[in-house]
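As recorded in Swiss-Prot:
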- Asn335: N-linked glycosylation site (CARBOHYD)
- 1-38: region 'Disordered' (REGION)
- 1-55: topological domain 'Cytoplasmic' (TOPO_DOM)
- 74-82: topological domain 'Extracellular' (TOPO_DOM)
- 103-139: topological domain 'Cytoplasmic' (TOPO_DOM)
- 161-164: topological domain 'Extracellular' (TOPO_DOM)
- 185-193: topological domain 'Cytoplasmic' (TOPO_DOM)
- 215-237: topological domain 'Extracellular' (TOPO_DOM)
- 257-284: topological domain 'Cytoplasmic' (TOPO_DOM)
- 305-346: topological domain 'Extracellular' (TOPO_DOM)
- 367-397: topological domain 'Cytoplasmic' (TOPO_DOM)
- 416-426: topological domain 'Extracellular' (TOPO_DOM)
- 448-463: topological domain 'Cytoplasmic' (TOPO_DOM)
- 486-493: topological domain 'Extracellular' (TOPO_DOM)
- 514-548: topological domain 'Cytoplasmic' (TOPO_DOM)
- 56-73: transmembrane segment (TRANSMEM)
- 83-102: transmembrane segment (TRANSMEM)
- 140-160: transmembrane segment (TRANSMEM)
- 165-184: transmembrane segment (TRANSMEM)
- 194-214: transmembrane segment (TRANSMEM)
- 238-256: transmembrane segment (TRANSMEM)
- 285-304: transmembrane segment (TRANSMEM)
- 347-366: transmembrane segment (TRANSMEM)
- 398-415: transmembrane segment (TRANSMEM)
- 427-447: transmembrane segment (TRANSMEM)
- 464-485: transmembrane segment (TRANSMEM)
- 494-513: transmembrane segment (TRANSMEM)
Amino acid sequence: MSGDTGPSKQGGTRYGSISSPPSPGPQQAPPGGTYLGEKIPIPDTESGAFSLRKLWAFTGPGFLMSIAFLDPGNIESDLQAGAVAGFKLLWVLLWATVLGLLCQRLAARLGVVTGKDLGEVCHLYYPKVPRILLWLTIELAIVGSDMQEVIGTAIAFSLLSAGRIPLWGGVLITVVDTFFFLFLDNYGLRKLEAFFGFLITIMALTFGYEYVVAQPAQGALLQGLFLPSCRGCGQPELLQAVGIIGAIIMPHNIYLHSSLVKSREVDRSRRADIREANMYFLIEATIALSVSFLINLFVMAVFGQAFYKQTNQAAFNICAKSSLHDYAPIFPRNNLTVAVDIYQGGVILGCLFGPAALYIWAVGLLAAGQSSTMTGTYAGQFVMEGFLKLRWSRFARVLLTRSCAILPTVLLAVFRDLRDLSGLNDLLNVLQSLLLPFAVLPILTFTSMPALMQEFANGLVSKVITSSIMVLVCAVNLYFVISYVPSLPHPAYFSLVALLAAAYLGLTTYLVWTCLITQGATFLAHNSHQRFLYGLPEEDQEKGRTSG
């Protein structure tokens, strides 16, 4: 199966052992094949030469993917890391973004080479029980991400209305605005991608404005960015580092990106076209994640400058002397270090730099919440279709996800206070980190299979780097669990944690086992797991084509 052309049952070699037959026309995708049922044609240019026209044609999926790097959970993680550690964790943000890019590169390659997304490949290769458990974990990650978007949007509405819209009211508004944004589907793929680009621009301008007015110390900022150290750090700083990793590298985003790249018309019978598509998607993802990194850097630097080592009393005094003195009581009058969240963050910016800073912060937060809503909807639909072969309309899919997200959020908003809502945001960031192995292990497994990826399978360097990412994430998660268990409020919780830990370790062990098979540990392959070495049997391929 090497070379540009060759005989096969379909008249031409198709890369990826589970590839589907060619689509009937250059503009028409198979039903459900892309997120808008259409494909973007790629212009013909001089072979081997870089083309801005081609880069523009491939631009879109990477920026949609980058939205997950900018959701309200990321904003909360950024500002808390700045408030807790100053500039000391900027290097964690930088390298988490680089590691995220490496994972997204693998996701894009899988989609381009095989013509199927990660959920579809999992459906074909994993047995039923692990497959269902894996699907449930990714759905949990999607609901958790959606809860963060609901929280961020509700707080943005509260800030923009000067408190006239209560938090529970903001939560309910998110139901309406979500369905409004679904109407964007009717305006075509490129217009939808342009709208997401507009929201990213809003975030860059609003959070960039906060960076300019805060004027962080540039020397200390550069030192924190490029010197990986954390002098004097303890458990609070470590938990913030875990939160950064969980917020930046989100499990469902890997599944999302592997499906988004299918929206471009790539001739998978030609290895040159596949190689070219991989290159352009990598360039686009690098540009998109560079923008997202700068936006996250703006937020962390602003709060590292304005909030680091601030006490509640100091924050109270700052607001009491400002034009926003009515907000001062949200800060307790004590000398404890202030525990900032996305609501208090907007308030203190307004107290320090004027009301405009507060409203600009709220607009950026609103853009983060709204953009993440749409990408979360697409991720949920792709995951459900891929794992279960169950096709729902986006309306039904968003109704399910948003209902699961809103119920606990609105209960907290009604019966508890803002601090509990922000605390939930922090917990959800850690949840994303805990669930990350259920995306990284499958993508590493399948992109390392020569039977599936052929000449585009991971090389030794890629395997080592991605495996190192996985070991790092698992080590950090293990440390978090060991640190968290002693703080459980009641002994009865220990049995629940033990049950969840057993299920978690069982599924992780299975995924590691199959991953090791593809990395060269052939002695681990038995019976049906031979497919991880040699691809699917011919009859399984045919079933995959008819059901996929």
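Glycine too: its Cβ is placed from the backbone N, Cα and C atoms.
Just so it is clear, the model here is predicted, and its values are computed rather than measured.
If you count C-beta pairs under 8 angstroms between the transmembrane segment (285-304) and each of 83-102, 427-447, 494-513, the highest count goes to 83-102. Here the transmembrane segment (194-214) does not lie next to the transmembrane segment (464-485) in space: the count of CB pairs under 8 Å, restricted to residues six or more apart, is fewer than 3.
Residues near Asn335 (N-linked glycosylation site) in space but far in sequence (CB under 8 A, at least 6 apart, same chain), listed by position: Thr311, Asn312, Gln313. With Cβ pairs under 8 Å as the measure, the transmembrane segment (238-256) is packed most heavily against 427-447, out of 140-160, 347-366, 427-447, 494-513.
Each residue in the topological domain 'Extracellular' (74-82) has a pLDDT score, and their mean in this model is 88.
Remote same-chain residues near the topological domain 'Extracellular' (215-237) are listed as 84-91, 94-95, 297, 301-302, 304-305, 483 (criterion: CB distance under 8 Å, separation of at least six residues from the stretch ends). Here the transmembrane segment (464-485) has Cβ contacts under 8 Å with residues 99, 102-103, 106, 235, 238-239, 241-242, 245, 249, 430, 433-434, 436-437, 440-441, 444, 458, 494, 497, 501, 508, 519 of the same chain, all six or more residues outside its ends. Note: the stretches the transmembrane segment (140-160) and the transmembrane segment (83-102) are not in contact (fewer than 3 CB pairs below 8 A, sequence gap of 6 or more). Residues 89, 92-93, 148, 152, 240-241, 243-244, 246-248, 296, 299-305, 307-308, 340-342, 345, 364-365, 368, 422, 425-426, 429 of the same chain sit 6 or more residues outside the topological domain 'Extracellular' (74-82) yet have a Cβ under 8 Å from a Cβ within it. Residues 73, 76-77, 103, 106-107, 109-110, 118, 121-122, 125-126, 134, 137-138, 140-141, 144-145, 147-148, 239, 242-243, 245-247, 249-255, 258, 453, 457-458, 462-463, 466-467, 469-470, 473-474, 476-477, 480-481, 504, 507-508, 511-512, 514-515, 518, 532 of the same chain, all 6+ positions outside the transmembrane segment (427-447), place their C-beta atoms under 8 angstroms from a C-beta of that stretch. Broken down with DSSP, the topological domain 'Extracellular' (161-164) shows 0 helix, 0 strand, 4 coil. Across the topological domain 'Extracellular' (305-346), DSSP assigns 22 helix, 2 strand, 18 coil. Long-range neighbours of the topological domain 'Cytoplasmic' (367-397) within the same chain, counting only residues 6 or more positions beyond its ends whose Cβ lies under 8 Å from a Cβ of the stretch, are 32, 35, 64-65, 67-68, 70-72, 74-75, 116-123, 131-132, 134-135, 138-139, 142, 145-146, 148-150, 152-153, 156, 174, 177-179, 181-182, 184-185, 196, 199-200, 202-203, 206, 252-253, 255-256, 259-260, 547-548. Long-range contacts of the topological domain 'Cytoplasmic' (103-139) within the same chain, counting only residues at least 6 positions beyond its ends with a Cβ under 8 Å from a Cβ of the stretch, are 14-20, 61-62, 65, 249, 251-255, 257-262, 266, 268, 274, 277-278, 281-282, 285, 289, 380, 382-389, 435, 438-440, 442-444, 446-447, 452-454, 456, 458, 462, 466, 469, 503, 507, 510-511, 514, 528, 531-532, 536, 540, 544, 548.
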